[in-house]
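The domain 'Major facilitator superfamily (MFS) profile' feature in TrEMBL is assigned to 1-188. The feature transmembrane segment is assigned by TrEMBL to 26-46, 58-78, 84-107, 119-137, 149-170.
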Amino acid sequence: QHIHRFLNETWASRYHKELSPDLLTFLWSVIASIFSLGGLCGALLGGSMAIRLGRKGALLMNNIIAILASILMGISFPTGLFELLIAGRFLIGINSGIGICVQPLYIGEVAPKHLRGGMAMGTSIFLTGGILTGQIIGLRELLGGETYWPLLLSSSCFPAFAQLLFLPWFPESPRYLLIDRGDELSCA
(Lines of atoms letter the chains of each structure in order from A and count residues from 1; the text may use other names and numbers.)
(Lines give C-alpha, C1' and ligand atoms only; values in the text may rest on other atoms or scores of the structure.)
Protein backbone atom coordinates (compact mmCIF):
# COMPACT_ATOMS: atom_id res chain seq x y z
CA GLN A 1 0.00 0.00 0.00
CA HIS A 2 2.80 2.41 0.86
CA ILE A 3 4.61 1.78 -2.41
CA HIS A 4 1.31 2.12 -4.32
CA ARG A 5 0.82 5.50 -2.66
CA PHE A 6 4.41 6.46 -3.49
CA LEU A 7 3.88 5.49 -7.15
CA ASN A 8 0.62 7.47 -7.33
CA GLU A 9 2.11 10.58 -5.72
CA THR A 10 5.27 10.45 -7.85
CA TRP A 11 3.29 10.01 -11.05
CA ALA A 12 0.88 12.84 -10.16
CA SER A 13 3.69 15.27 -9.29
CA ARG A 14 5.65 14.37 -12.40
CA TYR A 15 2.91 14.26 -15.06
CA HIS A 16 0.10 16.24 -13.36
CA LYS A 17 -2.45 13.48 -13.89
CA GLU A 18 -3.65 10.38 -12.07
CA LEU A 19 -1.90 7.07 -12.53
CA SER A 20 -4.27 4.61 -14.16
CA PRO A 21 -5.00 1.43 -12.17
CA ASP A 22 -3.65 -0.73 -15.00
CA LEU A 23 -0.37 1.16 -15.12
CA LEU A 24 -0.14 1.06 -11.32
CA THR A 25 -0.56 -2.72 -11.43
CA PHE A 26 2.06 -2.94 -14.16
CA LEU A 27 4.59 -0.81 -12.24
CA TRP A 28 3.97 -2.78 -9.05
CA SER A 29 4.41 -6.04 -10.96
CA VAL A 30 7.70 -4.81 -12.43
CA ILE A 31 8.96 -3.76 -8.98
CA ALA A 32 7.96 -7.10 -7.47
CA SER A 33 9.18 -9.35 -10.27
CA ILE A 34 12.41 -7.60 -11.32
CA PHE A 35 14.04 -9.21 -8.27
CA SER A 36 13.59 -12.65 -9.84
CA LEU A 37 15.05 -11.51 -13.14
CA GLY A 38 18.03 -10.09 -11.28
CA GLY A 39 18.37 -13.38 -9.39
CA LEU A 40 18.51 -15.25 -12.69
CA CYS A 41 21.19 -12.90 -14.02
CA GLY A 42 23.14 -13.18 -10.77
CA ALA A 43 22.99 -16.96 -10.81
CA LEU A 44 24.33 -16.93 -14.37
CA LEU A 45 27.17 -14.59 -13.34
CA GLY A 46 28.03 -16.36 -10.08
CA GLY A 47 30.03 -19.23 -11.54
CA SER A 48 32.25 -17.08 -13.75
CA MET A 49 32.79 -14.58 -10.91
CA ALA A 50 33.84 -17.44 -8.60
CA ILE A 51 36.44 -18.54 -11.15
CA ARG A 52 37.66 -15.09 -12.16
CA LEU A 53 37.72 -13.39 -8.74
CA GLY A 54 37.93 -16.41 -6.47
CA ARG A 55 35.18 -17.51 -4.11
CA LYS A 56 36.07 -14.94 -1.47
CA GLY A 57 36.62 -12.19 -4.04
CA ALA A 58 33.25 -12.88 -5.66
CA LEU A 59 31.52 -12.64 -2.29
CA LEU A 60 33.32 -9.38 -1.49
CA MET A 61 32.38 -7.90 -4.87
CA ASN A 62 28.82 -9.08 -4.34
CA ASN A 63 28.62 -6.95 -1.21
CA ILE A 64 29.36 -3.84 -3.27
CA ILE A 65 26.32 -4.71 -5.41
CA ALA A 66 24.19 -5.12 -2.26
CA ILE A 67 25.29 -1.77 -0.84
CA LEU A 68 24.61 0.00 -4.15
CA ALA A 69 21.17 -1.63 -4.33
CA SER A 70 20.40 -0.57 -0.75
CA ILE A 71 21.38 3.01 -1.50
CA LEU A 72 19.22 3.12 -4.63
CA MET A 73 16.18 1.68 -2.85
CA GLY A 74 16.71 3.93 0.16
CA ILE A 75 16.90 7.17 -1.83
CA SER A 76 14.02 6.33 -4.17
CA PHE A 77 11.43 7.82 -1.81
CA PRO A 78 13.23 11.08 -0.89
CA THR A 79 14.15 11.75 -4.52
CA GLY A 80 10.72 10.77 -5.85
CA LEU A 81 12.17 8.39 -8.44
CA PHE A 82 10.42 5.02 -8.52
CA GLU A 83 12.90 3.98 -11.24
CA LEU A 84 15.56 3.78 -8.52
CA LEU A 85 13.35 1.30 -6.71
CA ILE A 86 13.22 -0.87 -9.83
CA ALA A 87 16.99 -0.62 -10.37
CA GLY A 88 17.67 -1.37 -6.70
CA ARG A 89 15.41 -4.41 -6.72
CA PHE A 90 17.14 -5.68 -9.86
CA LEU A 91 20.58 -5.23 -8.27
CA ILE A 92 19.56 -6.90 -5.02
CA GLY A 93 18.26 -9.78 -7.14
CA ILE A 94 21.67 -10.03 -8.83
CA ASN A 95 23.22 -9.99 -5.36
CA SER A 96 20.97 -12.82 -4.22
CA GLY A 97 21.65 -14.90 -7.33
CA ILE A 98 25.42 -14.55 -6.99
CA GLY A 99 25.26 -15.22 -3.26
CA ILE A 100 23.16 -18.37 -3.58
CA CYS A 101 25.71 -19.75 -6.07
CA VAL A 102 29.02 -18.70 -4.57
CA GLN A 103 28.37 -18.89 -0.83
CA PRO A 104 27.67 -22.65 -0.61
CA LEU A 105 30.60 -23.24 -2.96
CA TYR A 106 32.94 -21.24 -0.74
CA ILE A 107 31.69 -22.77 2.51
CA GLY A 108 31.89 -26.29 1.11
CA GLU A 109 35.47 -25.78 -0.09
CA VAL A 110 36.76 -24.06 3.06
CA ALA A 111 35.09 -26.30 5.66
CA PRO A 112 36.98 -29.27 7.11
CA LYS A 113 36.01 -32.56 5.50
CA HIS A 114 33.99 -33.84 8.47
CA LEU A 115 31.90 -30.59 8.61
CA ARG A 116 31.25 -30.00 4.89
CA GLY A 117 27.74 -31.42 4.76
CA GLY A 118 26.55 -29.52 7.81
CA MET A 119 28.18 -26.29 6.69
CA ALA A 120 26.68 -26.53 3.21
CA MET A 121 23.23 -27.17 4.69
CA GLY A 122 23.75 -24.19 6.98
CA THR A 123 23.31 -21.94 3.94
CA SER A 124 19.69 -23.05 3.59
CA ILE A 125 19.06 -22.56 7.28
CA PHE A 126 20.51 -19.05 7.26
CA LEU A 127 18.54 -18.23 4.09
CA THR A 128 15.34 -19.23 5.87
CA GLY A 129 16.43 -17.24 8.93
CA GLY A 130 16.97 -14.20 6.71
CA ILE A 131 13.47 -14.52 5.29
CA LEU A 132 12.06 -14.78 8.82
CA THR A 133 14.05 -11.72 9.91
CA GLY A 134 12.77 -9.77 6.91
CA GLN A 135 9.20 -10.72 7.76
CA ILE A 136 9.64 -9.63 11.37
CA ILE A 137 11.28 -6.26 10.68
CA GLY A 138 8.72 -5.69 7.92
CA LEU A 139 5.86 -5.66 10.42
CA ARG A 140 3.87 -2.44 10.48
CA GLU A 141 4.96 -1.78 14.07
CA LEU A 142 8.67 -1.94 13.17
CA LEU A 143 9.90 -0.84 9.71
CA GLY A 144 6.80 -1.71 7.68
CA GLY A 145 5.06 1.60 8.41
CA GLU A 146 4.52 4.34 5.89
CA THR A 147 7.48 6.48 6.96
CA TYR A 148 9.96 3.62 7.40
CA TRP A 149 9.54 1.43 4.29
CA PRO A 150 12.58 2.99 2.53
CA LEU A 151 14.66 2.03 5.58
CA LEU A 152 13.26 -1.49 5.38
CA LEU A 153 14.31 -1.82 1.75
CA SER A 154 17.75 -0.39 2.41
CA SER A 155 18.34 -2.56 5.50
CA SER A 156 19.94 -5.19 3.27
CA CYS A 157 23.15 -3.18 3.52
CA PHE A 158 23.76 -4.35 7.11
CA PRO A 159 24.66 -7.97 6.26
CA ALA A 160 26.73 -6.69 3.34
CA PHE A 161 28.71 -4.36 5.61
CA ALA A 162 29.20 -7.17 8.13
CA GLN A 163 30.51 -9.48 5.43
CA LEU A 164 32.81 -6.76 4.07
CA LEU A 165 34.17 -6.35 7.58
CA PHE A 166 34.69 -10.02 8.48
CA LEU A 167 35.22 -11.93 5.21
CA PRO A 168 38.71 -10.56 4.46
CA TRP A 169 39.93 -12.39 7.58
CA PHE A 170 38.76 -15.75 6.19
CA PRO A 171 40.96 -17.90 3.92
CA GLU A 172 40.52 -18.22 0.19
CA SER A 173 39.23 -21.55 -1.04
CA PRO A 174 42.10 -24.07 -1.34
CA ARG A 175 40.37 -25.69 -4.30
CA TYR A 176 40.24 -22.35 -6.13
CA LEU A 177 43.88 -21.62 -5.35
CA LEU A 178 45.05 -25.04 -6.56
CA ILE A 179 42.81 -25.74 -9.55
CA ASP A 180 41.91 -22.30 -10.92
CA ARG A 181 45.11 -20.40 -10.05
CA GLY A 182 47.63 -23.27 -9.92
CA ASP A 183 49.10 -21.92 -6.68
CA GLU A 184 50.19 -24.97 -4.68
CA LEU A 185 52.01 -23.00 -1.99
CA SER A 186 49.03 -20.82 -1.02
CA CYS A 187 46.55 -23.68 -0.75
CA ALA A 188 48.61 -25.74 1.70
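Including glycine, each Cβ sits where the backbone N, Cα and C put it.
Please treat TrEMBL annotations as automatic predictions, because they have not gone through curation.
Annotation: stretch 84-107 has the most Cβ pairs under 8 Å to the transmembrane segment (119-137), among 26-46, 58-78, 84-107, 149-170. Away from its own ends, the transmembrane segment (84-107) comes close to residues 3, 30-31, 34-47, 49-50, 55-56, 58-59, 62, 65-66, 68-76, 119-120, 122-123, 127, 153, 156, 160, 173 of its chain (Cβ-Cβ under 8 Å, at least six residues beyond either end).
Below 8 angstroms of C-beta separation, residues 3-4, 7, 19, 58, 82, 85-86, 89-102 of the same chain, each at least six residues beyond the ends of the transmembrane segment (26-46), sit close to that stretch.
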